[in-house]
Amino acid sequence: MQLDEDLEFAKKIFNPNRAFAKQARIKNMCEYKDLVHEANEDYEHFWGELAKQKLTWFKPFDKVLNSDNAPFFKWFENGKINVSYNCIDRHLKDKKNKVAIIFEGEMGDYNVITYRKLHSEVNKTANLLKNEFNVKKGDRVIIYMPMIVESVYMMLACARIGAIHSIVFAGFSPEALRDRINDAQAKLVITADGTFRKGKPYMLKPALDKALENNACPSVEKALIVIRNAREIDYVRGRDFVYNEMVNYQSDKCEPEMMDSEDPLFLLYTSGSTGKPKGVQHSSAGYLLWAQMTMEWVFDIRDNDNFWCTADIGWITGHTYVVYGPLACGATTLILEGTMSYPDYGRWWRMIEEYRVDKFYTSPTAIRMLHAKGENEPLKYNLESLKVLGTVGEPINPTAWKWFYEKIGNSKCSIVDTWWQTETGGHIISPLPGATPIRASCATLPLPGIHAEVLNEDGTKTKPGEQGFLCITKPWPSMVRNIWGDEKRYIDSYFSQIKLNGEYVYLSGDGAIVDENGYITIIGRTDDIVNVSGHRIGTAEVESAISKHEMVVECAVVGIPDTIKGEGLFAFVVLCDGAKCNLGESLELLKEMNHILSVEIGKIAKLDNVMYVPGLPKTRSGKIMRRLLKSIAKKEPITQDLSTLEDVNVVKEIMSIVQMEE
């Protein structure tokens, strides 16, 4: 895309599709503002009414919000509920034969699970955990599983009997798995023999064996193994048991445990943390309410919709928008075992056509990859079923946004560019597809009931166009409740740096800019903000600008020490296929990229170093490992865990380039 065209495109406002808006839950900005006003007028009444209307309670709550021990807030106090019941049982009267889950395996196999079947399988699994493994309310269960339907059964079975599940992403190393098991003091670990990835078997059980060897996890009593790829594995007698052989002997009737609103539903350890893992603790009622509300508001989920979120269940997006959100709404959710590129880069588009997907939610990294590797693949498929597109995980640059909007959504689907975190449980800032005028790469407005503000360090609001810290200034139901076993770390991490009206507010760790209309644009992590000669520059906006060069497929920018400026900008750049970059071309390309930066951001944003690389190191969830790139740029030893990488060879190739340049 030409720079001038891109600048104009980024300013353009896209109004919701009129036909879609007419039938949407929130049809226009007036209705959005009415909800915001309602929440502001009586905050507790607003949330209390939603909880009464949307959730099924065994015993009603008697207090909406208890702030006596802030920041350890309690929502819907003394209410009794069960998340599994709300995701399955309450739908059985009218939807027992409706499809709950559509599963497609990497090798092309598929399975369709109705709500009745889901109820039966979850109950049998819950009974297995209780009867054979002595799992009780409050026990922690580690789930180290691939994207298969049994993973959902395990989650909901834990919720049914009151156990606290903690999913560890199946790409994590044995060491990372061990750390999480020990921090949670888990009684049981559930894994699979393996899965299929890129058309080949990929093993998981050996990683569990290594994590548990030499009694390294003394809290673990037993391990439960799901047979998926049927490759040979080792068994430890008395410890390892096969799920497939045991589950069908269990009754398909299991009464749901009555849980307090504030009882923990799950722990999820934040990715990329250093030192002791940080177990984000989420509650039952508040989390589920917001999972359901954001499905209804942000995706405008409908009874006959097929919803597909491409995230892995090892991340919060998979928890909320693959499992709990869709099922709480009684919707149909899709699960794909494998990758976007096998057998080719048309896989996702074929699935959208075949399963008539209505709402599609994925990451900017995936969009950029599909654009670069298979730009014309979508043209081979009928994507007319799509009504809403969504992005999650990082800011999306205008070029990727434009391709997603025009080629995938046929210029008729709203893109909900959602901002939220593991700690928030669900969306915080997002357009509403039937109401919000959208702009490329802009998260737009806080959802009703959410008080998200951009503040300076002293707690004052930033002026329009100024960078600041994105904070949430009032508690909300799905917020993180604690860091497992570490209250001090919870306070230090989120409620210790910025005050508003004398009270500490939730600090997200993200930087943002608010414009004169209240629209919020995320500029990246505050630790991804580079201070160049006293000017704070978000690496995300630098990357977005560089990506507008026609030869650049994608890039990652990090800050490096500079004796004059404090910090300088170092870019790792992936060029389009066939592009060659000798010394002369390299200097010319650097000049062109810096020109784009000077136009888009200002002359202060200037690349000091560029390394042209064949690819960027990414986790299997699609996130770029920026800390690793920063170590490379600063010529420091690589100490990061590389086991989560999609392709370790990328790092080896980058290191070879570094050695050649030394």
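One-based numbering along the chain as shown.
Cβ coordinates come from backbone N, Cα and C, glycine included.
Worth saying up front: this structure is predicted, and the values here are computed from it rather than measured.
Annotated CoA binding site per Swiss-Prot: Arg197, Lys198, Gly199, Lys200, Thr317, Ser533, in sequence order. Long-range neighbours of Gly199 (CoA binding site) (same chain, six or more residues apart, CB within less than 8 Å of its CB): Glu106, Met107, Gly338, Tyr342, Pro343.
Remark: Arg525 (ATP binding site) has Gly509, Asp510, Gly511 as non-local neighbours, by Cβ distance under 8 Å and separation of at least 6 in sequence. Following the DSSP three-state reduction, the secondary structure of Arg525 (ATP binding site) is strand. What Swiss-Prot lists as ATP binding site is Gly393, Glu394, Pro395, Asp417, Thr418, Trp419, Trp420, Gln421, Thr422, Asp510, Arg525, Arg536, and the listing cites sequence analysis.
The feature Mg(2+) binding site is assigned by Swiss-Prot to His549, Val552, with sequence analysis given as support. Residue environment of His549 (Mg(2+) binding site) contains 21 other Cβ atoms, counted within 10 Å of its Cβ in all protein chains.
Neighbour density for Lys623 (N6-acetyllysine): within 10 A of its CB lie 18 other CB atoms from the protein chains shown. If you look up Swiss-Prot, you'll see Lys623 marked as N6-acetyllysine, on the strength of sequence analysis.
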Just to be sure I understand: of Lys198, Thr317, His549, which binding-site residues have a C-alpha no more than 10 angstroms from the C-alpha of Gly393 (ATP binding site)?
Thr317
Mind checking which of Thr317, Thr418, Thr422 has the fewest other CB atoms within 10 A of its CB? They're the binding-site residues.
Thr422
How many Å separate the Cα atoms of Thr317 (CoA binding site) and Thr422 (ATP binding site)?
8
Out of Pro395, Thr418, Thr422, give those binding-site residues positioned within 10 angstroms of Val552 (Mg(2+) binding site), comparing C-alpha atoms, in sequence order.
none
Top Cα neighbour of Trp420 (ATP binding site) in the set of recorded positions Arg197, His549, Lys623:
Lys623
Tell me which of the binding-site residues Arg197, Thr422, His549 ends up closest to Lys623 (N6-acetyllysine) in space, Cα to Cα.
Thr422
Give me the non-local Cβ neighbours of Pro395 (ATP binding site): same chain, 6+ apart in sequence, Cβ-Cβ under 8 Å, ordered along the sequence.
Pro364, Ser441, Thr521, Ile522, Ile523, Gly524, Ala540, Glu541, Ser544
How big is the gap, in Å, between the Cα of Lys198 (CoA binding site) and that of Thr422 (ATP binding site), rounded to a whole number?
28
Name the secondary structure element type, per DSSP in three states, that contains Thr317 (CoA binding site).
helix
